[in-house]
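> As annotated in Swiss-Prot:
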BINDING   11-34  NAD(+) binding site
BINDING   139  substrate binding site
ACT_SITE  152  active site, proton acceptor
């Protein structure tokens, strides 16, 4: 179990929908500090969060997840002045715009990766940090493909690949930073938007999705926090239909074990 009591949490996302509901649950867990970095100001949401737990310090920065890493560094230098340290980094910025592939990939994948690369040195035990947990909030169509939202699905597959790679013991044994992902199923805030399919052939499906049964954002937010509390390094969870399910990870490349053994053997030889 991962105990959130007294933790310093940094949430990179829009403070609305799933992120807001997740933050509400976090505020009930006696966290000490919450930093919110998002693209637009939302003082009403911040006030709502503060009313849940007045003793928890909340900080806010306007943040563009697609900015250059050098600019991100400037932001997180300021974040660290207020936060002192980060125990939990949650990446939840998301965009589904099949007509703008670059923006979709940059928001969902590249921006998340750059944010992680920027924050990791502050958390890394080898660099003076205390370790911690990185949580990547992604989608179930990062596990199974979507013929309708092809660009969005590709970006979410990338999140899963990045999460599993960064969670490898090669890193975790050194930096003490666990990495996990939560894949959200269809959620009301998502399907209520006007959604465009990657190709016109899929538009009728995209239109029908708005009438499909979906979980509420509040239930999804609760299960994201539940997954955090139950997390172990490298785990992938599905938060869908009001439930929480641990993904059974599978290796498809039959050479994976041999290749890893080869790399480890060469590393040992280099140290001799």
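Each residue, glycine too, has its Cβ placed from N, Cα and C.
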> Provide the three-state secondary structure of residue 26 (NAD(+) binding site) computed with DSSP.
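Its secondary structure by DSSP: helix.
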> Within 10 Å of the Cβ of residue 152 (active site, proton acceptor), how many other Cβ atoms are there?
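Around the Cβ of residue 152 (active site, proton acceptor), 26 other Cβ atoms lie within 10 Å.
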> Considering the binding-site residues 23, 26, 29, 139, which residue's Cβ sits among the greatest number of other Cβ atoms within 10 Å?
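By the 10 Å Cβ neighbour count, 139 comes out on top.
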> Which one is it: of the binding-site residues 17, 32, which Cβ has the fewest other Cβ atoms within 10 Å in this structure?
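So among 17, 32, the binding-site residues given, the one with the fewest Cβ atoms within 10 Å is 32.
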> Would you mind reading off the Cα separation of residue 11 (NAD(+) binding site) from the residue listed as 'active site, proton acceptor', to the nearest angstrom?
21
> Among the recorded positions 14, 17, 23, 29, 32, 152, which ones place their C-alpha within 10 angstroms of the C-alpha of residue 139 (substrate binding site)?
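Near residue 139 (substrate binding site) by Cα: 152.
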> Over all shown protein chains, what is the count of other CB atoms within 10 A of the CB belonging to residue 20 (NAD(+) binding site)?
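There are 23 such Cβ atoms around residue 20 (NAD(+) binding site).
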> Sequence gap of 6 or more, Cβ distance under 8 Å: name the residues on the same chain that satisfy this around residue 14 (NAD(+) binding site), in order along the sequence.
38, 39, 40, 92, 93
